[in-house]
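Quick notes on the structure that follows.
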Amino acid sequence: MDETSPLVSPDRDQTDYSYQSQCSPGVPVCLSPNGRFSAVPGVVVRIPGSATSPIRGSAASGPSPPGSPCDRERQPLLERSQTRGAAAQAERERNKFPDDPEFAEVVKKAEKAIVRDILPERISQGSSGSYFVKNEQGEIIAVFKPKNEEPYGQLNPKWTKWLQKLCCPCCFGRDCLVLNQGYLSEAGASLVDQKLELNIVPRTKVVFLASETFNYSAIDRVKSRGKRLALEKVPKVGQRFNRIGLPPKVGSFQLFVKGYKDADYWLRRFEADPLPENTNRQLQLQFERLVVLDYIIRNTDRGNDNWLIKYDCPMDSASARDDWVMVKEPVIKIAAIDNGLAFPLKHPDSWRAYPFYWAWLPQAKIQFSQEIKDLILPKISDPNFVKDLEEDLYELFKRDPGFDRGQFRKQIAVMRGQILNLTQALKDGKSPLQLVQTPPVIVETARSHQKSTSESYTQSFQSRKPFFSWW
C-alpha cells in the first residue's frame with residue numbers, strides 16, 4: 001500500500017479515489033456525479049474555479065459588488081468594526097434638533113460660516129476657552145464653550161487655572177462639582193428654565209463644532225494637516241479617511257442676546273437714579289425668576305457680573321415736523337448666563353460656600369411676589385413634574401462619556417432638597433434672603449427590598465459648614 005494513499009477501513013465500501021478518472025486533465029480534484037466531494041474527510045483539496053463551481057460562482061463574473069455577502073466576507077473583521085464605529089461616531093456628532101427648528105437654523109448658520117472661514121473668536125474674559133460664534137455676515141449669533149476647554153479641562157487655553165493647579169493644588173477645583181461637566185450644566189440650566197417657563201436663560205444645547213481657532217493639541221493639528229496633504233497628493237488614500245479636518249468638539253452652544261449689559265453696571269445706575277415704580281416692579285419680577293433658577297440648580301458661581309440686564313426706554317417721533325414725542329414705558333429683562341458651575345453632587349462644605357451674590361441686593365429683602373408663586377408653585381409641588389424634570393436631565397447628562405449614575409443620583413438629591421426648601425419658602429411668604437438662609441437639605445431615594453409602585457424618599461440636613469462661611 002502506498003504511503004501517500006489514504007487509509008480506508010477494510011469494512012468500508014471501496015470508493016474510487018482515482019480523482020483524475022472523473023476530472024478533466026490538469027484538474028487535481030473534482031466533484032463526484034452527485035455533487036459531493038469525492039475525497040476522504042481530512043484530506044486537503046483544492047476546489048477549481050470553474051464556471052460550474054457551486055461555491056465560487058462564475059469566474060468570469062469578476063469581483064463581487066460592494067456590499068454583497070462575498071464582499072463582506074472578504075473584508076477584514078477589524079476594518080468592518082472600525083467602519084461601523086466611525087459611522088456611529090459621525091452620527092453622534094451630527095447636530096440635529098427636530099424639536100427646535102429655530103435653534104437648528106442658528107447652528108446651521110454657524111456651520112456654514114465656519115466652512116467659509118468666518119471662524120469663532122475666542123473671548124478674552126473668563127477662566128476657560130469660550131468663543132463668539134458668527135454667521136456668514138460676521139454677526140455674533142452664539143457663545144460656544146467646548147468641554148475640554150472648561151476651567152479644569154485638559155485644553156483650557158487660559159493659564160490662570162493651570163497656575164492655580166501648579167501653585168495651590170489643595171484649592172484647585174470645586175469638590176462639590178463633577179469636573180468637566182460645565183457644558184452639561186449650561187444646557188441643564190436652559191432645560192430647567194424652559195420647564196419652569198422662566199424664560200431668562202438664552203436657549204442652550206449640546207452641539208459639536210470644529211474650528212481652527214479652537215485650542216487643539218499638536219497631535220490633532222499634525223494629523224489634520226497630514227490627512228489634507230494625503231488627500232491632495234494621493235486621492236485614493238485620502239478618500240479612505242473617515243475625517244479630513246480637525247475633530248469636532250462637544251460643548252454648550254448658547255444663543256447670543258443683544259442689548260444686554262452686566263447687571264453690576266445697571267444696578268449702580270439704578271442706585272444713583274431710582275427707577276419709576278412700574279419699571280422697578282418689572283425688575284423685581286425678573287429678579288425673582290433669577291433667584292428661582294439659581295436656587296434650584298444650586299449655582300455656585302453667581303456674581304453680579306455674570307448675569308445681564310437689558311433696559312430699554314424707547315422714544316418714537318410722533319411727527320417729523322414738530323417736537324412732540326410719545327414716551328413708551330421702559331422695559332427691563334434679565335438674562336442668566338454662565339451657568340456652567342451648577343448641579344453640585346453635594347452642598348459646599350469644604351473651603352468656600354460659593355454664595356449667591358444677589359442675596360446682598362435690596363431686591364432680595366422683598367418677599368416673593370404672588371406672580372412668581374402662581375408660576376412656580378403648581379409645578380414644583382407636583383411630584384410628576386419633578387420626576388419628568390429628573391428624567392429629562394438624565395437623558396441630557398448621560399450623553400457625557402464619563403457619565404456616572406451614582407454621581408447623577410447625588411446631583412438630583414441636592415436638587416430635590418433645593419426644590420423642597422423653595423416650595424416651603426414660597427408657601428410661607430419668605431424673601432430670597434430668607435430662602436438662602438434655610439439649612440440645606442438632601443432628599444435621596446430610599447432603598448427598599450420590597451417592590452413598590454411608588455418611590456419613597458429620605459430627607460437629611462447638612463450639618464457641616466464650609467470653612468469660610470458667609471452667614
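Quick reminder: no glycine exception, Cβ is built from N, Cα and C everywhere.
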Same-site residue for ATP (record: Swiss-Prot; known: S124, Q125, G126, S127, S128, G129, S130, Q254, L255, F256, V257, D338; options: K108, K145, K147, K227): K145
Which range of 27-35, 189-197, 216-224, 261-269 is region 'Important for interaction with membranes', per Swiss-Prot: 261-269
Beyond the flanks of the region 'G-loop' (123-129) by 6 or more, those residues with Cβ under 8 Å of it: 143, 145-146, 149-151, 153, 155-158, 160-161, 182, 214-215, 340
Among S124, Q125, G126, S127, S128, G129, S130, K145, Q254, L255, F256, V257, D338, the record's ATP binders - longest CA distance, Å: 21
Summary of DSSP states over the region 'Important for interaction with membranes' (351-360), given as helix, strand and coil counts: 4 helix, 2 strand, 4 coil
Overall pLDDT of the region 'Catalytic loop' (298-306), taken as the mean: 91
Cβ neighbour count within 10 Å of F256 (ATP binding site): 16
For S124 (ATP binding site): intrachain residues, at least 6 apart, with Cβ closer than 8 Å: none
Reduced DSSP assignment, Q254 (ATP binding site): strand
